[in-house]
Amino acid sequence: MAMLWLAVLLTCGAPAALLPTSGVGCPSRCDPASCAPAPTNCPAGETALRCGCCPVCAAAEWERCGEGPEDPLCASGLRCVKNGGVARCQCPSNLPVCGSDGKTYPSLCRLQAESKAAQGKGSAAIIPIQRGDCQQGQRDPDSPRYKYNFIADVVEKIAPAVVHIELFRMLPFFKREVPAASGSGFIVSEDGLILTNAHVVTNKHRLKVERSDGSTYDAQIIDVDEKADIALIKIKAKGKLPVLLLGRSEDLRPGEFVVAIGSPFSLQNTVTTGIVSTAQRGGKELGLRNSDMDYIQTDAIINYGNSGGPLVNLDGEVIGINTLKVTAGISFAIPSDKIRKFLAESHNRQSTGQGTKKKKYLGIRMMSLSQGKLKELKEQVKDFPENTSGAYIVEVIPDTPAEEAGLKEGDIIISIGGKSVTSSSDVSDAIKKEGTTLHLVIRRGNEDIPISVTPKEIEF
């Protein structure tokens, strides 16, 4: 690859007028006895006279060369070019190049000449390691990297509005806060409104938001739609904040490129790309209880860290909120048309001053195991259990009753209180019963495990 790169540099560009390297005036036979003594110190290396007989010092870059039999030839890699009546040795590539010695050379040929001289003195060879200046490199707007890297352009555009959200809980014994969970979100108003998933902020611990520039803020929960899994929180920041605008998810087409971005590790944004598998995967088809919403299915990887972050199109518009990963290659996002509806309803709720609500909370995200979904999972997950029904746990939220009881992602709830579970709705109905400890049987691999868990009441 290095040799190919050198060849490209050496062959790019066209000289004004190349002088011949052999021609009229040369003897029919070379007589070495007639040659002057061989040179001993040639900075640009040795070559032969144009007739190819006697050794002489080669002309270096920008030194004069000529047409006559006794005129010096250019060093290897240089061309004798005549401009304005004067012939000089020139490098086919006049672009700067960075050498392995950390110096910037005006051309590849100059670097090669310096390398040859260094080797003649017993030093290490200098090799080209980078086009352009050693400190800045070379930005070529016409190169394929800059012309066709549209994903990087999208990420650069949206990243400033993506935030990291961290939830804290208090340890009563030690009287200090510790991180309990985290997720992502994105800013939708210049005064600090942020959208994320409801499950990211459900436990209502203290929320801390960190932006990509490192600034941190305490956040307040403004509104939550548990059914749609959308939450609106707010920070107080000085000045106007960068925002993302919503696109229209109804215009999405299968096969369209999308970018999922999140900030699972504070300042370190993660980016995944994929295509839209379908823009209308029904919630009931996924086994999501009471769902009247279609989800966007994509093969862009969505995980717990970038959950709540934006799924954007190539125009940088938000067309969904990353929300659910079933397995590698099967992820789901809440469509932007549903987000738009939530924001309108939230405005109305705040205007009418509706109070908070309470609900029982277990801390899992699940889906029913339909025949179609079973087939998909068996294709994606090696050794998937031979189940025909149940509630598949897609995610266990940290610091929740589910995690404390020992439930894990990938478990399948097959019974509650001795009654078979056929869908996620059976689990949801059991959670709603007040003061009830749930006695579950879950299938983990090929083993059935009994687990007892008591849902917690939380306030929205």
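FYI, residue positions are counted from 1 along the chain as it appears here.
Even glycines carry a Cβ here, placed using N, Cα and C.
What Swiss-Prot records for this protein:
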- His199: active site, charge relay system (ACT_SITE)
- Asp229: active site, charge relay system (ACT_SITE)
- Ser307: active site, charge relay system (ACT_SITE)
- Cys26-Cys51: disulfide bond (DISULFID)
- Cys30-Cys53: disulfide bond (DISULFID)
- Cys35-Cys54: disulfide bond (DISULFID)
- Cys42-Cys57: disulfide bond (DISULFID)
- Cys65-Cys80: disulfide bond (DISULFID)
- Cys74-Cys89: disulfide bond (DISULFID)
- Cys91-Cys109: disulfide bond (DISULFID)
- Cys98-Cys134: disulfide bond (DISULFID)
- 22-92: domain 'IGFBP N-terminal' (DOMAIN)
- 74-136: domain 'Kazal-like' (DOMAIN)
- 344-447: domain 'PDZ' (DOMAIN)
- 1-18: signal peptide (SIGNAL)
- Tyr148: site 'Involved in trimer stabilization' (SITE)
- Phe150: site 'Involved in trimer stabilization' (SITE)
- Phe257: site 'Involved in trimer stabilization' (SITE)
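Cα to Cα, Phe257 (site 'Involved in trimer stabilization') and Asp229 (active site, charge relay system) are separated by 24 Å.
For the domain 'PDZ' (344-447), the model's pLDDT averages out at 80. The shortest Cα-Cα distance between Cys30 (disulfide bond) and any of the active-site residues His199, Asp229, Ser307 is the one to Ser307. Among the disulfide-bonded residues Cys35, Cys54, Cys74, the residue whose Cβ has the fewest other Cβ atoms within 10 Å is Cys35. Distance between Cα atoms for Cys91 (disulfide bond) and Asp229 (active site, charge relay system): 63 Å, as a whole number. For Cys42 (disulfide bond), the same-chain residues that are 6 or more apart in sequence and have a Cβ closer than 8 Å to its Cβ are Cys57, Ala58.
If you check the recorded positions Cys35, Cys65, Cys74, Ser307 against Cys53 (disulfide bond), the ones with a Cα inside 10 Å of its Cα are Cys35.
When the domain 'PDZ' (344-447) is classified with DSSP, helix, strand and coil residues number 33 helix, 30 strand, 41 coil. For Cys74 (disulfide bond), the nearest neighbour among the listed active-site residues (His199, Asp229, Ser307), judged by C-alpha distance, is Ser307. Annotation for Asp229 (active site, charge relay system): spatial neighbours Asn197, Ala198, His199, Ile321, Thr323, Ile334, criterion Cβ-Cβ under 8 Å with sequence separation of six or more. For Cys98 (disulfide bond), the nearest of the recorded positions by C-alpha distance turns out to be Cys109; the candidates were Cys65, Cys89, Cys109, Tyr148, Phe150.
Taking the disulfide-bonded residues Cys53, Cys65 in turn, the residue surrounded by the fewest other Cβ atoms inside 10 Å of its Cβ turns out to be Cys53. On a Cα basis, Cys80 (disulfide bond) lies 23 Å away from Cys35 (disulfide bond). Sorting each residue of the domain 'Kazal-like' (74-136) by its DSSP state yields 13 helix, 21 strand, 29 coil.
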